[in-house]
Amino acid sequence: MAGCRGSLCCCCRWCCCCGDRETRTPEELTILGETQEEEDEILPRKDYESLDYDRCINDPYLEVLETMDNKKGRKYEAVKWMMVFAIGVCTGLVGLFVDFFARLFTQLKFGVVQASVEECSQKGCLALSLLELLGFNLTFVFFASLLVLIEPVAAGSGIPEIKCYLNGVKVPGIVRLRTLLCKVFGVLFSVAGGLFVGKEGPMIHSGAVVGAGLPQFQSISLRKIQFNFPYFRSDRDKRDFVSAGAAAGVAAAFGAPIGGTLFSLEEGSSFWNQGLTWRVLFCSMSATFTLNFFRSGIQFGSWGSFQLPGLLNFGEFKCSDSDKKCHLWTAMDLGFFIAMGVIGGLLGATFNCLNKRLAKYRMRNVHPKPKLVRVLESLLVTLVTTVVVFVASMVLGECRQVTSAAQVGNDSIPLQVTSEDVNSSIKTFFCPNETYNDMATLFFNPQESAILQLFHQDSTFSPVTLALFFVLYFSLACWTYGISVPSGLFVPSLLCGAAFGRLVANVLKSYIGLGHIYSGTFALIGAAAFLGGVVRMTISLTVILIESTNEITYGLPIMITLMVAKWTGDFFNKGIYDIHVGLRGVPLLEWETEVEMDKLRASDIMEPNLTYVYPHTRIQSLVSILRTTVHHAFPVVTENRGNEREFMKGNQLISNNIKFKKSSILTRAGEQRRRSQSMKSYPSSELRNMCDEHVTSEEPGEKEDLLQQMLERSPRAKTGPWRNASAR
């Protein structure tokens, strides 16, 4: 169910009641995308609908139950298990596709640019190398931005929208096939374009779309894809499959099926049951091992060996055999971990605050302008990021001594870290033999490789290099999250936090003299602290990191660090996903109510003048209701009990099914556009995207005939006591 916010709006199973009380009401301001001037707070928008997750126990539903027997029930349950298995496999294949092509494009880009740098370092033509890198990055990001223009809801990670969907708020277009295609292709172009984004967050959204669409066997985007599959048509069933798909996305991203299940439970759905737990876990396992099977076979040629469980692998943490004093962590280190959790929470709160201000700036100054401005903003961020990466790698790095564990080569050195399954590379730009460029090693590599360097590199990174890298990466990642490209936040947060943790380890070892410290552990704790301070996840993130490291002994320090980081960050603001939910104006209920809400009664927030419809209503009346109200659902009132039973079987008061979609009088988006124009203001970015499609109107004579027609009987009636009357 959608939420109730003060006296603004309340949506329940039977109705959504909202009132207009001023010349320009808060509801009208939110439709326009404006903010409340006093508190500068985004108000809940009114163009969202609630999903019906509760079973409606009525006469038609009881008739369906009477026709069910044990055999049909077992068949229905078996089909459910087959569907969750198919969702897991498809999500794993989507992750394989994104990883393969993102890796292919990245290797192509770095191969060409590194060869150019090696040649131009002697000839003095490094500007040409920079232009080559700019050409690759700008081209990839341009394609990613174009895909977002096709489907605007594909921008960002998609986690806030999926969280809203699982909690009962229907975000338009969030689980469509077109959204999935734009998300998948857009994120691989964003990653290949050198932006500080990750592909793990969009994987969660992609899995959710697969979960929503696959059991339906039909597509709104491609109407020709439609099969006669009679199962799983209710919002309740779709919610369960979306929960499974989101968990499968986490499992495929991190190789963490248990963490994915807990993520879907903790951050996603507020509707849960015991049977769903097993199905979600099975779906997560299917996604993990599907991706593992194909990645291991493609990269190592060992089909069936299962060597690469997820898109992001942390490798094996263990001390060097030659260092007898080294320990992964000790009880004395817990004090440092708590302090790092506090600092991580402060850094995460700062990141969220800055990103919220940037998002509000974009809402006021970028989104209302033509769509080309969004593309130009993405290209500007790419330009600045590319120049910073190139200049920092060539100028700000220090030449550090390579330990005997690393084999030095010419330009890119394969580095076997503490496990045979994890490989990375170090860069020797402008450094003599037996040394490497520490800044180029972090910046001139894929982000996953840079994380592995910070976790497992035995050689030291300069504290100055780590500090500069952290500041630059923090600033650019904060600026990048929110532009019009598909983008995730997990990997940038992990990399930024790993640099912070490695810096703390260097200071403790070099300046305080704590020789027992293992730098990889502090890098991992720093990554957990910063990520926890940004997203404010606890249980699921703890399990995800433990499964990614395959080291259960890290459970206690990771859990303590995440708890401290969350408590510290919550003192200042919300998590990044909750912030973006609020910025979108989604009427999402909080887990805990505010003190003022405990004093309210239903009469304080409900609209006293209820709008309702009869089973037999002229289209003209429905159009008038849609034009004069801002909510979406209306109760159907019958004069006697006998008419209700017949009406429930045959009639359907849903204006989506009125077969006159080309008529502007039945288009709610057109009404919102006219309302916005009459207010002499700009609509929000989402509303502009809804209104961009040209709507043709019927002839006046035909229109008059349409308005006088009665709704026809429909054989496909929903089994609920109310009908959704919003026209889209």
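For all residues, glycine too, the Cβ spot is worked out from N, Cα and C.
Tertiary proximity for the transmembrane segment (81-102) is limited to same-chain residues at least six positions away from its ends with a CB under 8 Å from its CB atoms, namely 180, 184, 187-188, 191-192, 199, 202-203, 206-207, 210-211, 214-215, 232, 241, 244-245, 248-249, 251-253, 279-280, 282-291, 294-295, 298, 311. Annotation comment: TrEMBL describes 81-102 (among others) as transmembrane segment.
Same-chain neighbours of the transmembrane segment (138-159): 105, 171-174, 176, 178-179, 182-183, 185-187, 189-190, 192-195, 201-202, 204-206, 208, 267, 371, 374-375, 378-379, 382-383, 386, 481-489, 577, 580, 685-686, 689, counting only residues six or more beyond its ends whose CB sits under 8 Å from a CB of the stretch. What TrEMBL records for 138-159 (among others) is transmembrane segment.
Long-range neighbours of the transmembrane segment (180-197) within the same chain, counting only residues 6 or more positions beyond its ends whose Cβ lies under 8 Å from a Cβ of the stretch, are 94, 97-98, 101-102, 105-106, 109, 133, 136-141, 143-144, 147-148, 150-151, 154, 158, 205-206, 209-210, 213, 381-382, 385-386, 389, 447, 473, 476-477, 480-481, 485-489, 491-492. The transmembrane segment annotation in TrEMBL covers 180-197 (among others).
Annotation comment: TrEMBL describes 241-264 (among others) as transmembrane segment. Non-local neighbours of the transmembrane segment (241-264) in the same chain are 83-84, 87-88, 91-92, 94-95, 162, 165-166, 175, 199-201, 203-212, 214-215, 232, 272, 276-277, 279-281, 283-288, 290-292, 308-313, 490, 537, 539-541, 543-544, 546-548; each lies 6+ residues outside the stretch with a CB under 8 Å from one of its CB atoms.
Long-range neighbours of the transmembrane segment (276-294) within the same chain, counting only residues 6 or more positions beyond its ends whose Cβ lies under 8 Å from a Cβ of the stretch, are 80-81, 84-85, 87-89, 91-93, 95-96, 99, 207, 211, 240, 243-245, 247-252, 255-258, 260-261, 264-265, 303-304, 306-311. What TrEMBL records for 276-294 (among others) is transmembrane segment.
If you look up TrEMBL, you'll see 334-352 (among others) marked as transmembrane segment.
Taken from TrEMBL, the feature transmembrane segment covers 372-396 (among others). Counting only same-chain residues 6+ beyond the ends of the transmembrane segment (372-396), those with a CB under 8 A from a CB of the stretch are 117, 126, 129-130, 133-134, 137-138, 141-142, 144-146, 148-149, 193-196, 362, 366, 427, 429-430, 437, 439-440, 443-444, 465, 468-469, 472, 476, 479-480, 483-485.
What TrEMBL records for 464-483 (among others) is transmembrane segment.
The transmembrane segment feature in TrEMBL is assigned to 520-546 (among others).
Annotation comment: TrEMBL describes 609-658 as domain 'CBS'.
Annotation comment: TrEMBL describes 669-728 as region 'Disordered'.
For 678-687, the entry in TrEMBL reads compositional bias 'Polar residues'.
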Within the predicted model, mean pLDDT of the domain 'CBS' (609-658): 66
Chain residues in Cβ proximity to the transmembrane segment (334-352) (below 8 Å; excluding those fewer than six residues from its ends, i.e. six or more beyond): 474, 477-478, 497, 500-501, 504, 508, 522, 525-526, 528-536, 556-557, 560-569, 571-576, 579
